[in-house]
């Protein structure tokens with residue numbers, strides 16, 4: 001972000017993408033308004049079928065809006081075909097061309113623009129160095145591991161120097177260790193290049209740890225946009241709290257019983273402490289799970305399960321023991337009840 | 001008994017046990033019959049054929065001289081015989097090229113657009129002609145293309161009779177009527193072999209993932225560039241498979257040119273006549289070797305240009 005004079009890299013102006021018409025219409029995207037500033041690492045988070053991938057495809061041009069307009073750097077691109085948009089995509093399963101060498105794959109975007117062979121291969125090698133695969137140019141995609149293919153797809157998408165880079169579930173096909181390494185690498189790459197990254201994921205951990213801002217999608221609409229902290233600490237609705245996960249979701253009656261207003265509320269497990277003096281709630285321990293950094297305690301409070309994260313070093317109650325729980329007055333966050 | 005396993009209940013269990021311990025035995029049992037069939041009956045007769053092509057025929061007695069000689073092959077180069085080879089290879093090439101051009105849009109539509117009911121209609125439409133007798137179809141075409149046939153009638157009906165006459169008056173490929181010209185032979189060949197081109201082509205196009213076409217477009221390629229750089233190379237093995245069918249079937253056919261055409265000989269007819277009425281088995285064998293050699297050369301060429309890289 002360039003100070004207070006933010007340039008919008010991508011803007012959705014009341015964008016809808018419906019399939020079919022009338023009462024049977026499938027509203028894949030329904031009235032989305034969104035502004036992604038230049039240079040931001042933006043995540044679209046949501047369960048499958050929530051419209052996040054359709055939004056990504058609306059930016060790349062593989063879908064056209066049935067209503068509203070999409071602007072990229074201020075220009076309306078709603079009727080511009082994908083090959084004329086200065087936006088590139090890292091596809092979910094990479095979609096590398098199996099009959100071309102890695103170098104030719106990366107150089108493809110330059111080849112179709114008519115860049116001469118020598119310059120485009122030089123540039124391709126440069127991009128391969130950028131993604132730490134300098135010596136793999138002459139291999140075929142079939143000879144690479146999943147992580148390497150991912151890097152090639154990244155290099156191929158970056159070779160055209162796009163204004164916006166789109167990533168569709170970029171880490172979905174990788175195993176856990178590789179996924180964590182790639183998260184750091186993507187983040188570093190984005191900072192270094194300063195390009196706007198928009199990525200789609202259904203993994204809330206990935207979205208929260210990588211993105212500058214996150215949009216949470218549900219049923220074709222954006223439920224909440226905010227920084228990872230905002231999304232995590234102050235979920236706007238019950239859906240967000242549920243989906244982002246690990247938070248305790250308190251129904252209105254329980255909120256009221258625990259001394260708050262009678263609304264839906266979220267309460268983070270790490271905000272709950274064990275106490276013997278003046279507890280806000282009492283309950284029976286129904287399960288203990290050791291997590292390394294602490295222990296996850298499930299406590300049955302009058303029929304609702306509350307989860308508390310007890311830091312390592314605290315004396316632990318036994319399963320079945322009666323415990324008292326407390327938390328800071330502002331720890332319980334009120335939210336809308338939409339699921 | 002500890003009960004860790006059940007005792008074998010009979011020969012079935014013992015046989016299954018044997019197959020489990022030695023998977024090679026089962027494999028050998030399964031592939032032995034087709035291997036014997038292919039090896040002895042097919043390859044054996046092919047070798048016998050090759051063998052005889054190196055014999056010759058005594059010109060005076062008309063008897064076969066079973067001694068090694070290249071004389072018979074030299075005979076292939078005589079203008080009358082060589083013309084037959086050139087005519088057949090040219091026809092096979094033109095038929096193949098036309099089949100590729102005609103089949104591609106159909107195969108592309110079927111692979112990328114047709115769904116559900118339309119897909120069933122496609123398969124039915126392509127396969128249906130294969131279910132009726134080959135001879136019936138060829139004779140039907142003879143009637144269609146005859147001077148008194150529906151094509152002439154329709155051409156005259158729409159006032160294009162002179163166009164048809166102009167086409168028929170072309171040198172070499174023209175003739176008295178479509179059914180007695182190379183054009184007619186060509187049309188019937190393309191009609192009869194087209195399914196063999198469409199099906200492998202469609203199968204290979206179906207395997208090209210949609211994401212790959214999107215990736216190409218995403219990187220800035222026009223539809224034409226995507227076609228040339230992505231679709232065509234990925235579909236090439238299927239296209240080559242189709243051309244192998246149309247090319248080799250045309251090279252070997254002896255019925256279509258006999259019924260529809262200018263009554264000049266094709267390789268198949270030459271083989272048929274030489275081994276039958278003429279009794280010149282060595283020359284017939286030498287003729288029969290030509291399609292094999294041409295096909296091998298074609299496959300080497302296809303491999304050389306990278307047609308199988310995407311396999």
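All positions are counted from 1 along the displayed chain.
Glycine residues also receive a Cβ, built from the backbone N, Cα and C atoms like all the rest.
Remember, TrEMBL labels are computer predictions, not curated facts.
The transmembrane segment annotation in TrEMBL covers B:24-51 (among others).
Feature annotation from TrEMBL assigns transmembrane segment to B:84-109 (among others). Away from its own ends, the transmembrane segment (B:84-109) comes close to residues 76, 122, 126, 182, 185-186, 189-190, 193-194, 197-199, 201-202, 205, 239, 242-243, 246-248, 250-251, 257, 264-268, 270, 287, 290, 294 of its chain (Cβ-Cβ under 8 Å, at least six residues beyond either end).
Residues or ranges marked as domain 'ABC transmembrane type-1' by TrEMBL: B:85-302.
Sequence annotations record features per position, and here TrEMBL assigns transmembrane segment to B:121-144 (among others). Tertiary proximity for the transmembrane segment (B:121-144) is limited to same-chain residues at least six positions away from its ends with a CB under 8 Å from its CB atoms, namely 106, 109-110, 114, 150-151, 179, 184, 187-188, 191-192, 195, 198-199, 255-256, 259-260.
Long-range contacts of the transmembrane segment (B:150-170) within its own chain (CB-CB distance under 8 A, at least 6 residues past either end) are made by residues 143-144, 176-178, 181, 183. Taken from TrEMBL, the feature transmembrane segment covers B:150-170 (among others).
Here TrEMBL flags B:182-203 (among others) as transmembrane segment. If one looks beyond the transmembrane segment (B:182-203) by at least 6 residues along the same chain, the residues whose Cβ comes under 8 Å of a Cβ in the stretch are 91, 94-95, 98-100, 102-104, 106-107, 110-111, 126-127, 129-130, 134, 137-138, 141, 145, 167-168, 172-175, 235, 238-239, 241-243, 245-246, 249-250, 253, 256-257, 260-262.
Among residues of the same chain six or more beyond the transmembrane segment (B:223-247), those with a C-beta under 8 A of the stretch's C-beta atoms are 92-93, 95-96, 99-100, 103-104, 193-194, 196-205, 207-208, 212-213, 216-217, 295, 298-299, 302, 306-311. The transmembrane segment annotation in TrEMBL covers B:223-247 (among others).
The transmembrane segment annotation in TrEMBL covers B:281-301 (among others).
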Apart from its near flanks, which chain residues at least 6 from the ends of the transmembrane segment (B:281-301) lie with a Cβ under 8 angstroms of it? 46, 49-57, 64, 72-73, 75-76, 81, 84-85, 88-89, 243-244, 247-248, 251-252, 267, 270-271, 274-275
Let me spell it out: take the transmembrane segment (B:24-51), skip the flanking residues so only those 6+ beyond its ends count, and list any with a Cβ under 8 Å from a Cβ in it. 18, 285, 288-289, 292
